[in-house]
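Here the structure is laid out as structure tokens; the discussion comes afterwards.
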Amino acid sequence: MGSNCRLYNEHRKDSKGLPPKTEKQVIKQCKAVQTMNVKLPATTQNQLGTALPDEDVWSATEQKTLEDAIKKHPASDAERWEKISTDVGTKSKKACIRRFKYLVQMVKNKK
């Protein structure tokens, strides 16, 4: 902590002729910075939440497109999942793989 505070104080000396901070002020500032909890405003969080698609919620259309794409692209194709996610259009490669694994598990559970 000491070195960061000292650097902060030295920086202040050169800052537009302002007087250097006292040691107490520097320590207080360093502690405040170290304990800061940065949170996005609720409006920003809401915008982020609505802007990003929920990767694990699938519509019936997306599900059908995924199933068709899995049949269309053979497992031997090195770029299979990229092609499948392109066919689905609304989901990432990772989301398609997660959904496939989920469906496989559902089928296994029914047996």
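Note that Cβ sites are derived from N, Cα and C of the backbone, with glycine treated the same way.
A quick note: this is a predicted structure, and the numbers were derived from the prediction, not measured.
Record features (TrEMBL):
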COMPBIAS  8-23  compositional bias 'Basic and acidic residues'
DOMAIN    58-104  domain 'Myb-like'
REGION    1-23  region 'Disordered'
Helix, strand and coil totals (DSSP H, G, I; E, B; other) for the domain 'Myb-like' (58-104): 34 helix, 0 strand, 13 coil
Mean per-residue pLDDT computed across the domain 'Myb-like' (58-104): 94
